[in-house]
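See below for the structure under consideration.
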Amino acid sequence: MLDEQQAEQLKNNPNVQSVFLNRKYELYTTHSWEFLGLENNNGAATKNSIWKKAKYGQDVIIANLDTAHIFMGTMSQGVWPESKSFNDEGMGPVPSRWKGFCQTEGGVRCNRKLIGARYFYKGLSAEVGPNTTELSARDTDGHGTHTLSTAGGNFVPGASIFGYGNGTAKGGSPKARVAAYKVCWADGCFSADILAGIDAAISDGVDVLSLSLGGAGAIDYNIDVIAIGALAAVSRGMSVVASAGNDGPDEFTSSNVAPWVFTIGASTMDRDFTNFVILGNDKSLKGTSLSDKALPAGKSYPLISAADAKASNSTVENATLCGPGTLDPHKAAGKIIVCLRGGDIGRPEKGIEAARAGAIGMIIANDQSTGNEIIADPHILPASHINYTDGLVALAYLNSTKNATASISSVKTELGINVLAPEMAAFSSRGPNSLDPEILKPDITAPGVNVLAAYSEAVSPSDSISDERRSPFNIISGTSMSCPHVAGIVGLLKSLHPDWSSAAIKSAIMTTATTKADNGKHILDADGKNATPFAYGAGHVQPNRAADPGLVYDLIMNDYLNLLCHHKYNISFIRTFGNNSFTCPKHFSVSAFNYPSITVPNLKGSTTISRRVKNVGSPGTYNVHVLAPPGISIEVEPESLTFSKAGEEKIYKVTLKPIVNSSKHEGYVYGELLWSDKKHKVKTPLVIKIK
């Protein structure tokens, strides 16, 4: 150790690179569970943590029927059983209710943590012929391992990718048992295999099914294998959690909209992997990256747009996006190249093309639709992803001089007050619900940007064949990442309240969610505007509050079957989910469906909607508070509800009416209905459109 005088002398020595203070560094936990309030920054559970109440999800069985499919652009999954996230040290015997097994082809081995691993391929074989890849449950693209460990992975100290995100990795229910069901292959994902996987999870005794898969948008329930399989699962007491999709920010893009499915959007957390682009005019642009390489500090290099580095056989449009083979090495070599985001070309793929062309660094600039959303990726060259506004600054500078230069700083981790969160991810799919517009979708949002979790060592973190790097952990973004966060939380609630229905668990999470960011203001969208319930549903998940919601909106199986009747499906099809004596009601209104949100897509005159709430807490009186949507008059009857015991149910009615001259409020308007006994706050989104 040096005193101040010695340090000053060394600092002036030309042979000494740097002198720095002996700071204390904290070992950060891999951060989403701290952000959600389950633990402190030292890894210890918080005072009111649901982890302690639910015994960390002990012996709940969480399964992953996982594909990257359309959402992530790859077609394979499974599990990497050797991952430390599936270590069974300290775990007792497998629960006797588990009826599943482990298919050991490909060297897959199960244990008391990873209690099942199966694969399904007959649907694939029927369509494309014999599978040419090895048949096993082993994960060859990392997606399945990442999502399964996020939901139920064990504690793993020292987890990171290239030193970023260093800390203790763990899932939402770290003491749960987990199982993997592989249903996708290099040639695609087929309905028969997906349904077979769900059926197997039901018969094996799974409690929570996490589905990081789906198609592009919503399809009719009677031809949607995920909706069909999920309803069969719910009828047997299972909870089904699914990704909303990655087709945002456009409207009507949400997948998995069946009301018996818990549909999850994606948002940010208060951790960034930050670096800076310093332009030759001294303007500094904040970006993000997980590059394991860095340019020399302070050294500038020639800066070129991808359009100006176009290969002769490429179009300007394709070159601007840095698609494969679009850049000319004679133009790009030794320079920092500016690529535009998008074009169905993965961000790491753009870096691979830039590196192929000899670029020394890369800047990815957002387009207007992706706005402020920037995502850290494990690029193979020094890189920075900057937002739309800063991208315009960089391009304007490029156009202002023939000798543009830039430098890219090394990556630093930022936590907490320097990072506003949550913010909706631009890619997160949006409502309205195209099948049942009276039912709000997505239901909730959860961390889905820059999530660190276990990964397959059969593939590079960039998912590129030309990338030879390997890492047991990776940081990925998508609703595929937010979905298992909620699945892990559902596992905790299953452990804490084993008598609650799937609908009650969903209600507990939705009615305790928040629509505020950590600065106390409304959650923003990636374009900087206030986000709406069509982005975040009821809001951002708050697991500790969900443990004790006070009241829940419950549903029984006949409620779901009545909805199928509303769609005029064949009665024989409907009865497969209930008993053979079920008959459709003569009258049914979707607006009366007892969901934890109230959505009226075409309000004409006065409309009255009823809801039923069940007390799951102590006796008490709840009073109503209404934040009416602009242009809407709302009356609630009664204005107070008194419960004398747990399990007691009460009905209330909400009358909505347009205010005179409310035509200026075009499109949907939003509000909130809240029941409170001064201890609990039971919030219900109001989403109204005046016709």
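Any Cβ shown, glycine's included, is placed from N, Cα and C.
If you check TrEMBL, you get these features:
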{"type": "ACT_SITE", "residues": "ASP66", "note": "active site, charge relay system"}
{"type": "DOMAIN", "residues": "127-537", "note": "domain 'Peptidase S8/S53'"}
{"type": "ACT_SITE", "residues": "HIS143", "note": "active site, charge relay system"}
{"type": "DOMAIN", "residues": "319-391", "note": "domain 'PA'"}
{"type": "ACT_SITE", "residues": "SER480", "note": "active site, charge relay system"}
{"type": "DOMAIN", "residues": "593-688", "note": "domain 'Subtilisin-like protease fibronectin type-III'"}
Helix, strand or coil at SER480 (active site, charge relay system), per DSSP? helix
For the domain 'Subtilisin-like protease fibronectin type-III' (593-688), jot down how many residues DSSP puts in helix, in strand and in coil. 3 helix, 60 strand, 33 coil
For HIS143 (active site, charge relay system), name the DSSP secondary structure in the helix/strand/coil scheme. helix
For the domain 'PA' (319-391), what does DSSP give as the number of helix, strand and coil residues? 20 helix, 15 strand, 38 coil
Just to confirm my parser: what is the rounded mean pLDDT across the domain 'Peptidase S8/S53' (127-537)? 94
Rounded Cα distance, in Å, between HIS143 (active site, charge relay system) and SER480 (active site, charge relay system) is 8
Measure the Cβ-based neighbour count of HIS143 (active site, charge relay system), defined as the other Cβ atoms within 10 Å of its Cβ. 33
